[in-house]
């Protein structure tokens, strides 16, 4: 079948990089001439919809001496080729999905090639070649008896409506045990912050296994040093599937450099997370996702939307470090006779953070609290947020989560419904943390007009930026 360049060009319509996409699909047709192209509505996890080019067909997979034609579907995002395709199996009525390392229960395909996608070195032809190689190791589909076909038709009707997501269904081909690892933690990103988190968590001794996912090309200096000095229970990998069964997955990776505007910088982070979060959520379906990537409020929201996890299991590091410092300043530097544990820094990381009291501290009058907060916040401003200090703060949060300490931390959580907020935004609020993430948001003092006004202003600006992002 001859590739119809002009027909595909018309289908691409308003795609940003139409010529590049047409050229790549033309190359695909040389090896796979029978793919069929169309434009259909793609439903994202946040229920938003977009008309996207997609193509379907089969790829030949040799398994145990026999060739199987595996039906697949590729969705091409409008930012292609700078964003990877979204890939699904397309089983017929007599086929059933075999959930495994690279396929979830809804047929979505996860591969290292997708996670490491980078134009121009990445291409759909290369992706298909890796797909074939992985499926030769573990066949993603198997036939079902004819008596079960009616049931499968219903399932397929459901699958066609589902485009993304994580299922907690335990199906054949996927291990049902936890590999006998009690406390496994994954750190995503091998930059300075990722290394700092790895070292701080290792020093606390709270992980039976600690995995550092290195997303860089080649080996970074930090990961090379970790390899050389061989920390106990620490493993370095580039394979996302190595993170399977983690109790906490920590996102430290950032892709903010070289962008022409703040919006473009944040969008580049979102694009990276689009390839990471669904796969990592698939491999660790009961994990708490701890976000340290910047801007933490927005990236926590993005992680929540892409993972489809309950909001309680997506936690941003928020103002935990500033809160711990503030409490230390009040009790140890200013020598105030109070526990210091009833005051937190809340809101948005950066200049818009604000001090808030829980109302349980009966030692200080409201006016004394206000004066103390002002003095303490002035001292707090001289403190930076270097990687090692953030790493210690992350380790503190992980310790509370892993050991179910139910301590109060000021962390980024879904703030809708608090302080009169109506939008889905993440802001730092005092929360009780445990193995399930956020179990409760602590109420602070009523009538704090400054706090309420600051949080509402932050929420408004964050929501406005989120509306401009492409998830």
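Cβ coordinates are placed from backbone N, Cα and C, and glycine is handled just like the others.
Marked as NAD(+) binding site by Swiss-Prot on the basis of similarity to another entry: 191-219. For 2-145, the entry in Swiss-Prot reads domain 'UEV'.
Reduced to three states, the DSSP call for residue 191 (NAD(+) binding site) is coil. The secondary structure of residue 215 (NAD(+) binding site), as reduced to three states from DSSP, is coil rather than helix or strand. The number of other Cβ atoms within 10 Å of the Cβ belonging to residue 199 (NAD(+) binding site), over all protein chains shown, comes to 21. Mean pLDDT, taken over the domain 'UEV' (2-145), works out to 89 on the 0 to 100 scale. Each of the binding-site residues 195, 215 was ranked by the number of other C-beta atoms within 10 Å, and first place falls to 195. Shown for the domain 'UEV' (2-145): DSSP residue counts in helix, strand and coil, namely 40 helix, 48 strand, 56 coil. There are 16 other CB atoms within 10 A of the CB of residue 191 (NAD(+) binding site), with all protein chains counted. Under 8 Å, Cβ to Cβ, and six or more positions away along its own chain, residue 203 (NAD(+) binding site) finds 395. The Cβ of residue 211 (NAD(+) binding site) has 22 neighbouring Cβ atoms from other residues within 10 Å, across all protein chains displayed. The Cβ of residue 207 (NAD(+) binding site) lies under 8 Å from the Cβ of 183, 184, 185, 201, 233, 398, 402, each on the same chain and at least six residues away in sequence.
Look at residue 199 (NAD(+) binding site): DSSP puts it in a helix.
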